[in-house]
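Trainee: My questions will all concern the structure given below.
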Amino acid sequence: MPELVITVARFGFLILLWIFVFTVVGVIRRDLFAGARSGRLVAAPRAVGASTGQAAKPAKVKRGRAAHQLVVTAGQLAGTRITLGEAQITIGRAEDSTLVITDDYASARHARLVPRDGQWFVEDLGSTNGTYLDRAKVTGPTPVPLGVPIRIGRTSLELRP
Amino acid sequence: MTVAATPAPSPVTTGGESGVRLARSRRNAELSLLLLAMVLVAAYGATVEANLLDTVTPDFWMPAAALGAVFLGLHLVIRFLAPFADPALLPAVALLNGLGVGFLRRIDLGEAAPVDRESLAIFAGIGGRQLAWTLASVILAAGLLAIMRDHRSVSRYAYTLGLAGIVLVMLPAVLPRSISEINGAKLWIRVGSFSIQPGEFAKLALLVFFAYYLVRKREVLSLASRRFLGIDFPRGRDLGPVVVVWLISLLVLVFEKDLGTSLLYFGMFVVTLYIATERVSWLLIGLILFFGGAYLAYVLGEMVGGPFANFYLRAEIWLDPFADPTDKGYQLVQGLLALGTGGLFGAGPGGGQPEILPEVQNDFIFAGIGEEIGLFGLSALLVVYLLIVERGLRAALAVRDSFGKLLAGGLAFTLGLQVFVIVGGISKLIPLTGQTTPFLSAGGSSLMANWLLIAVLLRVSDGARRPVSGSAGKAARPTGGPPEQLHGAPTEVIKP
């Protein structure tokens, strides 16, 4: 084998190795961009949960509009959302709840959300640790404004338009 | 129970669009990357033959073709059973595995008598055995993908797997030396000429158990804590399990004489703990405990010897390998010289002298390859490892359930840690320990366990990238898994 061929093969292999690496990076990069863009389109729940100022803003702008979604903003299920219909939503650790939360501070049947004339009401179902609407403890059926957090244990929920 | 009667406006359509964009399966990208990887393996084989035999035999492409065929089979399995799995994982692993087989075949060629070289069968020697092991491992990985249709189903066997893992870890320690000891480390079970390393499989089993245990305990671990020096420390009683694992890893260190494996188990547990609780204090506690334990073992090894002597010796070699370059430090010194000879671009595949290096087919394969492809090639290989780990972590970030997050994150980290331990060992960053280089080193146990690990990562990434909104996602989800977390309500994930 001539020396030239071996040298070409030797460096050609190294170059091919790096071409492979960059091709893989190219494939991944497109994936990463796809993920990032969709992340920007929809509000990040964590940021909303962290600063109440941001949470209050959309609520103010969209006051009066009907709620269409229930979004979990904090806790293990953060990021989950449920499209609201006309049926009530039950929340708790029981397997037959609409939203099953695996929170050590939640009761089996913790609370429920009931729609009445386009307005959603939260109702505590006699839970051990209570349900809070923003800072206030929920005692009876309470109307839930958009964007105000409902707190159950370490989980936070919000209604969104 | 709850049905979306009113079609929700804008937010849902946005979610749907992003779902469609993410839902591309990227299987064709995987196929072309796989082909490129196999071309690379064939090119490596050709270059080796050109260097060693002065000619390229007409059969140089045979190992690459055999590997390519079986990887293609796995690709097809993924295409049908895990269509949304990560496209970069399989080609990256295939490249590493292929180059490993190629390098081992290169060692065989170097050791064979010159007259036999041109007619070396593809299943001959350690390269051939590695090739056979690869075929078996890939088939096993495909089988795991076929059985495990949902990664959450493994959580049902978490305690069984945890027990099995501990038994596998402790087995070589209690077995007599004649069965379990190779090169001073008691890590093996030898039956005749056949030997398996149960620790490699224990890694996977233990990680499933850790992930399951921590999903159940994460609340109490991250909530109940005391603040000290600005860092939240957990309560004493919650430290119980981590102390137990620490003790097990120290026992491994002492009785199996293997720092690498003990570091691997301990790092694995601490990091899954950290992922579960997001508390930096666990990392601090882990590092302090491990370095404290290792230092203690070093001091004890110097003073009393006995079971600690092996570790003391390794640490001494690490501190000054050139103190005894012809005997105790021989392996490490030769490895460093090989890397130095390789320089920036290496001697070319087939142009080095890996036969001088002791254990070049196992622990020192990275030094052996480094001599021939140089820093330039080695860094490419390290980047490939990095990409595999990154894809694993990415799957962990994207998957929805906590168990999957912990499982994928822990597996990806463990793979990265193993590469760090062995590459750090041969480049004299940390004391050298007998770890295999994942996918490169000769050895069926390691190869098989790592392929199973990749199968789990593929499964988790499939679950992570599978579109969750719409009926297609629901229909594609296999039945018979554990109860879904949300009942009767269509749910979507906002955060990718």
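Placement of Cβ uses the backbone N, Cα and C atoms for every residue, glycine included.
Note: TrEMBL annotation is automatic and uncurated.
The shown structure was predicted, so the numbers you read here are calculated from the model rather than taken from an experiment.
Okay, so TrEMBL annotates it like this:
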{"type": "TRANSMEM", "residues": "B:31-48", "note": "transmembrane segment"}
{"type": "TRANSMEM", "residues": "B:60-81", "note": "transmembrane segment"}
{"type": "TRANSMEM", "residues": "B:88-107", "note": "transmembrane segment"}
{"type": "TRANSMEM", "residues": "B:119-145", "note": "transmembrane segment"}
{"type": "TRANSMEM", "residues": "B:157-175", "note": "transmembrane segment"}
{"type": "TRANSMEM", "residues": "B:195-215", "note": "transmembrane segment"}
{"type": "TRANSMEM", "residues": "B:236-253", "note": "transmembrane segment"}
{"type": "TRANSMEM", "residues": "B:259-276", "note": "transmembrane segment"}
{"type": "TRANSMEM", "residues": "B:283-301", "note": "transmembrane segment"}
{"type": "TRANSMEM", "residues": "B:364-386", "note": "transmembrane segment"}
{"type": "TRANSMEM", "residues": "B:406-427", "note": "transmembrane segment"}
{"type": "TRANSMEM", "residues": "B:439-458", "note": "transmembrane segment"}
{"type": "REGION", "residues": "B:468-496", "note": "region 'Disordered'"}
Trainee: Look at every Cβ pair spanning the transmembrane segment (B:439-458) and the transmembrane segment (B:283-301), keep those 6 or more apart in sequence, and say whether at least 3 of them are under 8 Å.
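Mentor: Between the transmembrane segment (B:439-458) and the transmembrane segment (B:283-301), contact is absent.
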Trainee: Within this structure, do the transmembrane segment (B:195-215) and the transmembrane segment (B:157-175) have 3 or more Cβ pairs under 8 angstroms, counting pairs 6 or more apart in sequence?
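Mentor: In contact, yes.
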Trainee: Cβ under 8 Å to the transmembrane segment (B:60-81), counting only same-chain residues 6 or more beyond its ends: which ones?
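Mentor: The answer is 25, 27, 30-31, 34-35, 37-39, 41-42, 45-46, 49, 90, 94, 97-98, 101-102, 105, 122, 127, 131, 134-135, 138-139, 141-142, 145-146, 149, 458.
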Trainee: The transmembrane segment (B:364-386): which same-chain residues, six or more beyond its ends, come within Cβ distance under 8 Å?
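Mentor: For the transmembrane segment (B:364-386), the far contacts come to 92, 95-96, 99-100, 103, 106-107, 331, 334-336, 338-339, 341-354, 357-358, 415-416, 419, 422-423, 426, 437-438, 440-442.
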Trainee: Short question: which residues 6 or more past the ends of the transmembrane segment (B:259-276) have a Cβ under 8 Å from it?
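Mentor: Same-chain residues near the transmembrane segment (B:259-276) but 6 or more away: 169, 187, 199, 203, 206-207, 210-211, 214-215, 217-218, 221-222, 242, 245-246, 248-250, 252-253, 282-283, 285-287, 289-290, 294, 311, 314, 396, 402, 405-406, 409-410, 413-414, 417-418, 421-422, 425, 431, 433-435.
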